[in-house]
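Data first, discussion second: the structure below is written as C-alpha cells.
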Amino acid sequence: MDEKTKIYDITIIGGGPVGLFAAFYAGMRNASVKIIESLPQLGGQLSTLYPEKYIYDIPGYPAVRAQELVNNLIQQMKPFDPTIALEEAVQSVEKQVDGTFEIITKKDTHYSKAVIITAGNGAFEPRRLDLPEAEQYEGKNIHYFINDLSRFSGRRVAVCGGGDSAVDWALMLEKVASSVAIVHRRNAFRAHEHSVNNLEKSSIAIKTPFIPTEVLGNGDKLTHITLQEVKGDTRETLEIDDFIINYGFVSSLGPIKNWGLELERNSIVVNSKMETSIPGIYCAGDICTYDGKVKLIATGFGEAPTAINNAMNFIDPKTRVQPMHSTSLFE
C-alpha cells in the first residue's frame, strides 16, 4: 500500500499545541499517526500570532515562550515519527462503507480509522483598524501579528486594545522599544488583574478612554496617529514608528460546519469520551465544548489523551482505554 492509499490509525486535524500532544500520546499507544495542518508550519496560533509571547498557565513552566512550547512539543512527538501534511485545509471528512474515514483536503485525499479534531478556534483573521488610509500601511508599520520582538528595538510603539494580548504585548515591548503607549476606549482593561497591575506600575503611557480616529503618514510608512477622547473633547496626536492593533480575531468553523457534527455556536459538542456525534471522530482543545468546558491549552492537554485512548478503543474494542503510565512505557 502506497502513501496515498495508506490507512492511518489516527489522523489529527490541526497541528497546534493540543494536536502535537495528541500525536505524541497516540505514538505512545503504538498508533500510526498523521497530522494535517492548514498553515505552512506546526504550532497553530502560538506560532502564527504569538510566537514571542510568554504563557504562564502551562503546568511545570513558570513562564514559557509560545514558540519554545511548540518546539518542545514537536521534539516530544519526534520519536514516533508522525506523518505531517502542511498547507492542507481539510474540506470534508466522510465515513466509508468499510468504516474508515476519507479526509479530503484542497491538495490530497487521506484515509484513517479514527479522526481527532484539534483545530483550535477554526479559521481566524484579525479585526482590522477601520480607518481611511490604514490599509496602505498594513504590513509596513501597522501590525496585527508580532513574529519578532527585536524588530521594535529602539522604536516608538503604540498598542491599541484592552484585552490580554494588548496588555501583554505592551509589557513585553517596554523592554525593547524606546517608548510604548497603550490606547483603549474604556478606562478599565479586560486583561488579567496581575497584568493590569504590572501595566500601571510600568513606564507605558496609558491613553484611556481614547480611540484612534486618524492615521497619518507619507505613503510609505505611518508616522502619526490622532486619538479622540471617548465622550470628551480632548484630542491628541502621537508620533510613532509602529502601530500594533489588538482588537481580537474573528473565527469560524469554516468547512467543519458541513461535516454533519453536532455543533453549539462555534464549537463541536463532545461527550465525556471526547467523542463527537459521529462515532470514530473525536475532539480536543478549544474546538470542542461540553458542560463546564474551560478553554485553556492546559485543558486541551488533558483532553487529548482521553480522545486518543477512546479512539484506540473504537478501532479495536479489545484495547484498554486506561493504558499503562508513561514511566512504565519508557523504562
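Every residue gets a Cβ built from N, Cα and C, even glycine.
Now, the feature entries from Swiss-Prot:
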BINDING   Glu37, Gln45, Tyr50, Val90, Phe124, Asp286, Thr327  FAD binding site
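Each of the binding-site residues Tyr50, Phe124 was scored by the other Cβ atoms within 10 Å of its Cβ; the lowest score goes to Phe124.
DSSP assigns Tyr50 (FAD binding site) to coil in the three-state reduction, outside any helix or strand. Just so you know, of the binding-site residues Glu37, Gln45, Val90, Asp286, the Cβ with the fewest other Cβ atoms around it within 10 Å is the one at Gln45.
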